[in-house]
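Remarks on the structure that follows.
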C-alpha cells in the first residue's frame with residue numbers, strides 16, 4: 001500500500017482527508033497516467049449515494065477535463081457497474097466514488113483500467129509520484145483541446161441488462177426480500193428482480209445522502225432477517241453501499257455469509273461443468289467449515305491474504321473463475337472483473353431455482369465452525385510476530401487442536417493491532433483457545 005492508495009483506492013473522511021483539492025489532483029494525475037497514450041481519451045465516473053459524492057465528483061471531473069479527457073458521468077451506480085461499463089463503452093478508464101460499507105462521513109476514489117480491472121501497484125505508484133511532486137509539469141491543453149463532460153445515466157440499465165442474461169430463467173414464483181443499504185443499488189436491485197418477475201419486498205431503498213449503511217445492508221443483515229420472516233420470503237439479499245458485496249438470508253431468517261455463498265456456487269458450478277480448474281480462491285479468513293465442505297465435494301481451494309484485490313490477482317494468475325471473501329465479495333470472473341453483489345445474488349437465486357432446493361438446504365451442506373476474532377492493541381506488530389513466547393503458545397494450541405480447528409494470528413494492515421482468530425468444534429473451546437493466546441500477546445507486547 002502506498003501513501004495515498006490503500007487496498008481499495010484512496011479513502012478518507014470527505015472534505016477533511018479526502019478534500020476536493022486532493023480529488024482534483026487525483027483526477028488530473030490519475031487521468032493522465034491511465035490515458036496518456038490515447039488522443040481524446042474517454043473516462044467514465046460513477047458514485048454512490050453519499051452527500052459528499054457531488055463535491056468529489058465535481059473536483060474529479062475538473063481534474064480530468066484539465067488533461068483533455070472526455071468525461072462521461074454515470075450518476076449513482078454500483079462499483080461493478082462502473083467496472084463493466086469501462087470495458088463495454090471502450091473507455092480508457094473508469095472511476096468510482098465510494099467508501100463501500102464505511103459510514104457516511106468517509107468517501108473514496110478508485111480507478112479501473114480499460115480492461116475493467118482495478119489498477120496495478122505500479123500504476124498506483126506512478127500516480128502517487130505525480131501527487132507528491134512540488135510542481136505540476138503535466139501538459140495543459142487549451143481551447144478546443146480541453147475535455148468536455150456529458151451524462152450517460154442509462155449506463156445502469158445497460159449493466160443490468162448484461163447481468164440479467166447470466167441466469168437461465170426468470171424468478172417467477174419466488175418472493176425475494178432486498179436490503180440495498182440506502183446505497184448504489186437502491187433503485188437498481190428492485191428493478192432487476194422485479195424485471196425477472198419475482199415478488200419483492202424492500203428495505204434500505206430510500207437514500208438521502210446521510211443514511212448509507214446506517215444499520216442496514218450487508219454489514220447489518222439482522223433487519224433483513226426480520227423482513228424475510230415477516231413477509232414469508234424465500235430469500236433475503238443484502239448489499240453494501242457500493243454494491244460489490246452480498247450477504248444472504250435463508251427462508252428461516254438465518255444469515256448466509258460469503259463463505260456459504262461461495263460454497264453453494266462452487267458445488268453447483270462443478271456439477272454443471274463450469275468451475276475452472278475445479279478450484280475456488282478465498283482468503284485466510286474463510287471458515288474452516290468452508291474448506292472441509294469443499295474437500296468433501298472434491299473441490300480444491302487456493303488461499304490468499306485478506307483483501308479482494310489479492311483474491312483477484314490469484315484468480316488471474318491461475319485462470320480461476322470463482323473466488324471471494326467471507327464478507328460477501330464474490331468474484332465471478334467469467335462475467336465481471338470485480339466483486340459484484342447483484343450478479344452474485346442472481347447466481348444464488350438461479351441455483352435455488354435450478355436445484356429446486358431452499359437456501360437453508362443449500363447452505364446447510366456446509367457446517368460453519370464457531371469462530372472468535374479478538375483484536376489486541378500492541379506496541380510493535382513486527383515484534384509480536386517474532387516473540388518466542390507468542391510463537392510457543394500458538395504451537396501448543398495448534399497441537400491440542402490436532403487438526404480439528406484452526407488458529408490464525410496476523411497483524412492488521414492499517415492499525416497497531418494483532419488479530420487473534422480461532423475456529424473449533426464448539427464456541428466454548430474456540431473462546432478458550434483465543435483467550436489463552438491473547439493473554440500471552442498482551443503480556444509480551446500489549447500497548448495497554
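For all residues, glycine too, the Cβ spot is worked out from N, Cα and C.
Listed features, source Swiss-Prot:
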type	residues	note
ACT_SITE	100	active site, phosphoserine intermediate
BINDING	100, 240, 242, 244	Mg(2+) binding site
MOD_RES	100	phosphoserine
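Sequence features annotated in Swiss-Prot and their locations in the structure.
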residue : record                                  : Cβ neighbours (10 Å)
100     : active site, phosphoserine intermediate : 29
240     : Mg(2+) binding site                     : 34
242     : Mg(2+) binding site                     : 35
244     : Mg(2+) binding site                     : 33
Cβ-centroid neighbours of Mg(2+) site 100, 240, 242, 244, 8 Å, sequence order:
48, 78, 79, 98, 101, 183, 184, 239, 241, 243, 245, 339, 341
Distance check, please: Cα of residue 242 (Mg(2+) binding site) against Cα of the residue listed as 'active site, phosphoserine intermediate', rounded to an integer number of angstrom.
5
In the three-state scheme derived from DSSP, which category covers residue 244 (Mg(2+) binding site)?
coil
For residue 244 (Mg(2+) binding site) and residue 100 (active site, phosphoserine intermediate), what Cα-Cα distance in Å is obtained after rounding to a whole number?
8
Whole-number answer please: how many Å between the C-alpha atoms of residue 100 (active site, phosphoserine intermediate) and residue 240 (Mg(2+) binding site)?
6
